[in-house]
Amino acid sequence: MAAANAPITMKEVLTLPSVGINQQFITFTNVTMESDKYICVRETAPQNSVVIIDMNMPMQPLRRPITADSALMNPNSRILALKAQVPGTTQDHLQIFNIEAKAKLKSHQMPEQVVFWKWITPKMLGLVTQTSVYHWSIEGDTEPVKMFDRTANLANNQIINYKCSPNEKWLVLIGIAPGSPERQQLVKGNMQLFSVDQQRSQALEAHAASFAQFKVPGNENPSILISFASKSFNAGQITSKLHVIELGAQPGKPSFTKKQADLFFPPDFADDFPVAMQVSHKFNLIYVITKLGLLFVYDLETASAIYRNRISPDPIFLTSEASSVGGFYAINRRGQVLLATVNEATIIPFISGQLNNLELAVNLAKRGNLPGAENLVVQRFQELFAQTKYKEAAELAAESPQGILRTPDTVAKFQSVPVQAGQTPPLLQYFGTLLTRGKLNSYESLELSRLVVNQNKKNLLENWLAEDKLECSEELGDLVKTVDNDLALKIYIKARATPKVVAAFAERREFDKILIYSKQVGYTPDYLFLLQTILRTDPQGAVNFALMMSQMEGGCPVDYNTITDLFLQRNLIREATAFLLDVLKPNLPEHAFLQTKVENCCHFVSFRLFLIHLLSLNHLSTQVLEINLVTFPNVADAILANGMFSHYDRPRVAQLCEKAGLYIQSLKHYSELPDIKRVIVNTHAIEPQALVEFFGTLSSDWAMECMKDLLLVNLRGNLQIIVQACKEYCEQLGVDACIKLFEQFKSYEGLYFFLGSYLSMSEDPEIHFKYIEAAAKTGQIKEVERVTRESNFYDAEKTKNFLMEAKLPDARPLINVCDRFGFVPDLTHYLYTNNMLRYIEGYVQKVNPANAPLVVGQLLDDECPEDFIKGLILSVRSLLPVEPLVEECEKRNRLRLLTQFLEHLVSEGSQDVHVHNALGKIIIDSNNNPEHFLTTNPYYDSKVVGKYCEKRDPTLAVVAYRRGQCDEELINVTNKNSLFKLQARYVVERMDGDLWDKVLEENNEYRRQLIDQVVSTALPESKSPEQVSAAVKAFMTADLPHELIELLEKIVLQNSAFSGNFNLQNLLILTAIKADPSRVMDYINRLDNFDGPAVGEVAVEAQLYEEAFAIFKKFNLNVQAVNVLLDNVKSIERAVEFAFRVEEDSVWSQVAKAQLREGLVSDAIESFIRADDATHFLEVIRVSEDTDVYDDLVKYLLMVRQKVKEPKVDSELIYAYAKIDRLGEIEEFILMPNVANLQNVGDRLYDEALYEAAKIIYAFISNWGKLAVTLVKLQQFQGAVDAARKANSAKTWKEVCFACVDAEEFRLAQICGLNIIIQVDDLEEVSEYYQNRGCFNELISLMESGLGLERAHMGIFTELGVLYARYRYEKLMEHIKLFSTRLNIPKLIRACDEQQHWQELTYLYIQYDEFDNAATTVMNHSPEAWEHMQFKDIVAKVANVELYYKAVHFYLQEHPDIINDLLNVLALRLDHTRVVDIMRKAGHLKLIKPYMIAVQSNNVSAVNEALNEIYVEEEDYDRLRESIDLHDSFDQIGLAQKIEKHELVEMRRVAAYIYKKAGRWKQSIALSKKDNMYKDCMETASQSGEHELAEQLLVYFIEQGKKECFATCLFVCYDLIRPDVALELAWINNMMDFAFPYLLQFIREYSGKVDELIKDKIEAQKEVKAKEQEEKEVMSQQNMYAQLLPLALPAPPMPGMGGGGGYGPPPTMGGMPGMPPMPAYGMPPMGGY
């Protein structure tokens, strides 16, 4: 079947290798395609990456470096799911990424491995493990949810698909498994169907399945169907079936009947099986795709077979639905991405014709809206209509493919059926059926709406429009407008009836929507007409609409002047003004005319004509303002106030404003300072605020000049204006200038008000001071007080001095300044000298009591009476700070003044340290029992009081310092006054380490005196161990060992209370070890209560080894004692002697270890045996092996075995036996119970070449592999082969084989080799080993023997081929042809290429589908490799286009006789232009003439020109004309010019013919005239359509006397020749007889035309009369209702019209100058015929 007529079209969309995908990654595990949007490929080389191919942009793949085991793209969006196994586990880590947002959406770690996964919906992943199935949603934070467990039939199956039904209620899992033993080639398919609602599974046999939705007639809800295909082998028979069944049938509803059909596999595809199934929801077709590329197409509803064909020569492993086109995508192993689609033009004819299934053809055409069944549908409709089956006919019409029955004829047919009483009219049945099926077309919508409107059921229309059941049109809107304007507007909008929409918005006065809608749809309405229409009924709405137009993008569509004229013509002055004021806001020069019109609008209507005249003059704006200033100043003032105009004579307007009393406007327009100064003094007539604002428009100099004039004229009256102006524009004028202005007129009041507003914004000290000064001089005392209190920026010194000089009656401002800035003494002196004592009391009591000490000090300096000062102090009491007060009094030696105050505070319970310090100082000075106060008072500061006592009584200072633990002060005062006994007692009692460090430091000159007092007095007096311990520790820290020994001997050895103290004895010995080692042995013998182990260790560290040995002996620490002898004294003899004396195992163990370290291995082993110590056997074994003392080691190990069960011990014992050649003991030992690691021992013996012992071990543990290798070492090859056979290990076989090859035992080597080469990984190693040793024949014999093995694999066949290529090439071709399917072709290709076997290489390339390389090989090595038929097959399949042209060159050079055969094969693939160029350059263009004739149908310019060139050369004018007629792509003019002078007339005719085709009529006619080809001339002139050419030809025939040609030309060029010209030429040249037939024909034609016109006119008049009659009837019906209404008043006459009540005839246009008078309606008078 031709591909063009096939019902299914196949198209190669893409090849994966073309976008950079390596062939090795085009597999089921690496490629995924979840939908028709994306293909995802996982690559592992050269680096791990994931390639995403967008099917909309397939040549721009997205490659990302990602490591994963699997990758899936989401069906709809750019979301990528990744799966990777967690290293070292069987768990899988899942991740989901949004590629566009570059964000991770979710991740989860599955507890078990996911063997298959798939997107079952755009939001859901299906995960299949070895045991269960999970669903994982990408939304939220949910984890995978288990759905069901896998059934037993899917155990050990490879899962190939998992699907979910559209309602997610049914799930199906599909897997494949090896076939039955009877037919293993046929793969078995298994399916598990699971119901989510019932939570039940069903196991079925199936290879592929898919869900679908189907609407069963009579059931409004769609049914869920499953279709599945199976191929099974039972009882020797292969059964292939397709099943379609319904899932979850709905009770009480019609259900789908189960269907099944056979799958017919051709004999060559007996073992083929389905791998995928796709359902086209667009056409309800089932596609079944098999592994070997077969496609079966079935109808879903009937399961009828439609089509079968092989769509791919390579295995298909992946498919995906192409929902948009109703087909599917398929990917094969070659990497082709194929798209299968329904051939909509041929599938219905195919089913109805070749399949002869008319019913299926009609149903499919209706379902898929497909062409091809029109005649069948129409015939069936007529049959149903004839049988009065109107309902069935309506349904058929509603479902007719491509709406062939949805026509006005069908509607008329239903309308013509008479309505039976009590039955639904057929027309309504038809419309009802259409509404249930979908949407009505425009005609159907109009007819149905007409019925509904006539029945006044508007609500039905609204519902249908809401449900989008009707197709909106302008006619439908017109119909609905009669009942509902709003609904009609919606219809107009949907129908895009833009003029009607605009008109409707205008009627509704929704003018803003007109502009919005017009902009949206790109419509430009007649804005002027709309504005006129709105203006008649709604003037304000017209203003709004005009403003909207003015704001449109691109400018106002109607000129502003035109709009303004429209308003003014209707005397709408207010509206025109409102419009213009808004429009003229930009104040542009081009608006001067309109600015004038605004002025026009401001006057009366009668004044308008005068202004219109002025507008024609220059300076319109100025004149308008002049008129208004003279007549209506208030109007002009309003215009100028708005600032609308700027293009007028400003000086002139300024003078007029001054005369009219508009001073502020005149000020704004004057530009000279004298004019401004003259006008500005009229402040009585100027609004102050306006004058202030005017100052802002002047320069700073002019403003200051004007202000000075105002102040000179009326200082008091204008001061407020000046102040306000200075406030507003102080930044422009300058603050300093404003201050100078007020100071110049000595206006402190102005200065006060000006600076008051500026003060908060300024930080200038001078500004603040001047404000204070102005406020003070104007009597604003409260303001002075406030500023001095709140401001932080005035000069305090300057302000203080000013206030003191001003002597204000209120001292609070001065108090604020002095208190804030520290001038309290000055303040006190000022107030005291000015007798303002109450302010002093007020300041101290209320303002700042903290400064009372300063006040008291100043009063004391001013010799104020003590009574006043005491009273002042007592009045403040607790608020008074004591410390500064005491300081002030103490500086002046008046401390006793505070006695009463301090005692009062103490009596009140004050614990203030300063109070008690002061009181203590007074008591010390008065010598009133100071020791009692110093020891009992807890509140004074010891440092302060002690310091106060030092010069008065040092002992009192010591008392104060001791009480406060003032260490440094006490040490200093005792050192200074030699009070060392007191110091020693204090230091001992304090027990403070830092204090001890300070007094015992080396640079303390009083250290010796202190130590003497501590040893002689302080410590002997002490009874506290802690004090003694602290003192000892301090002496140790100060590194005074000798003094410490002296101290300790006195304490410990002289029978004191601390003589038996454990710590002191330890300390005495340790100090002696450190300072005087000669005393240590004496102390050891005299003392018993010390820490022996610790002191012994210290002695060892101090290298007092004999003393340490004595200590350890004294305390029976024998191990430590022997360690001293071994480690420190280094005397093994004394240690051995000591060990014999004490006879302790631990001591012997220490001795043994020391002997072992010294290399006395035998002595050490004997000592270990004496110690019965087996703990150090590892060290003993190591040293014994190093020194080769195996006999003693055996004794030791036998002892150790009795204590421990260690594999190491038994293993080393066997090894020791082997080293001393006691093989018998080895055999006996291994037969006894032991824990030796025999494998390791055997390996160790083998590594050390103790092969006999190793042989015993390996034989005992049955390690045949090692035994075989050992026997090889012993040259026992037969035994080695036997052992290798038992081991059956590739490694062992290789070792034995290689050894046999080296020993030239080729028979045994071949036995081993046959067991090796069945492993693919080891084959190459064996081959290289043989070849490296030159054993080529033996290797070939081995490989040939391997071909017959049951486990022979591709590597053996390939390696043998490589060997043949290298060493026996005569057998190579036979081998390749016999075993081509079992060869690794790429490897053999490399071998053949290396050995230059070109014929074999070509054959291999063909078998491997490497046609490009095959073609290249043949062309490069043609003597050996070329064969014509084979090369044609090859070159037709190459992918590189350049090879086609290389093949053309090749044949041109070597086989030109059969080049056309090659070109015909490549015709569909070649660029014909390039081929022609190649042959033209080679000079052999005629050689490919057959090829060019065959491809000329493509109308290629180069081919056409080449063939035309050949035809011209061969003078074959018939073929040349045929070529020109059929193929127009060539240089026509060039060819015509080339042959127009050819010697053959026919060739010249062809040239004329070409000129005619090219539209060069004159050249064509001239050429035909030259050859007397008059027929050609006339035909050319007729085809040209030019009157001039035809008439010139007539003249030519007359000149030549060709009367018959003249007559003939009149008829040939009938349409072009004008009758008057023809008659004139015939009459002049006496050829009327020849022209008369033409004249008769012309008269007959025109009379017929006139008859037609008269007939049309009569019919038009009849239609007009009928329409007028119909309108009269409508008007009469409307008048019936009008009679019930009151009579309307007559309309008022419109301006410019007659006074009558009606409309008169339109005026003539004769009044316009330069125009002739015209009758009504502008029609010129028609003359008679």
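Using the three backbone atoms N, Cα and C, a Cβ is placed for every residue, glycine included.
Whatever TrEMBL says is automated annotation, not expert-curated.
According to TrEMBL, the domain 'Clathrin heavy chain linker core motif' annotation covers 344-367. Same-chain residues lying 6+ beyond the ends of the domain 'Clathrin heavy chain linker core motif' (344-367) with a Cβ under 8 Å from its Cβ atoms: 4-8, 283-284, 299, 301-302, 304, 306-307, 373, 376-377, 380, 399-401.
What TrEMBL lists as repeat 'CHCR' is 551-723 (among others).
Annotated repeat 'CHCR' per TrEMBL: 726-868 (among others), in sequence order.
The annotation repeat 'CHCR' is assigned in TrEMBL to 873-1012 (among others).
As annotated by TrEMBL, repeat 'CHCR' applies to 1019-1164 (among others).
Feature annotation from TrEMBL assigns repeat 'CHCR' to 1168-1309 (among others).
Under DSSP, the residues of the repeat 'CHCR' (1314-1460) split into helix, strand and coil as follows: 115 helix, 0 strand, 32 coil. Residues annotated as repeat 'CHCR' in TrEMBL: 1314-1460 (among others).
The annotation repeat 'CHCR' is assigned in TrEMBL to 1463-1606 (among others).
Sequence annotations record features per position, and here TrEMBL assigns coiled coil to 1643-1678. Summarised as a single figure, the pLDDT of the coiled coil (1643-1678) averages 82.
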I'd like the per-state residue tally for the repeat 'CHCR' (1168-1309) from DSSP, helix first, then strand, then coil. 108 helix, 0 strand, 34 coil
For the domain 'Clathrin heavy chain linker core motif' (344-367), what does DSSP give as the number of helix, strand and coil residues? 17 helix, 0 strand, 7 coil
For the repeat 'CHCR' (1019-1164), jot down how many residues DSSP puts in helix, in strand and in coil. 112 helix, 0 strand, 34 coil
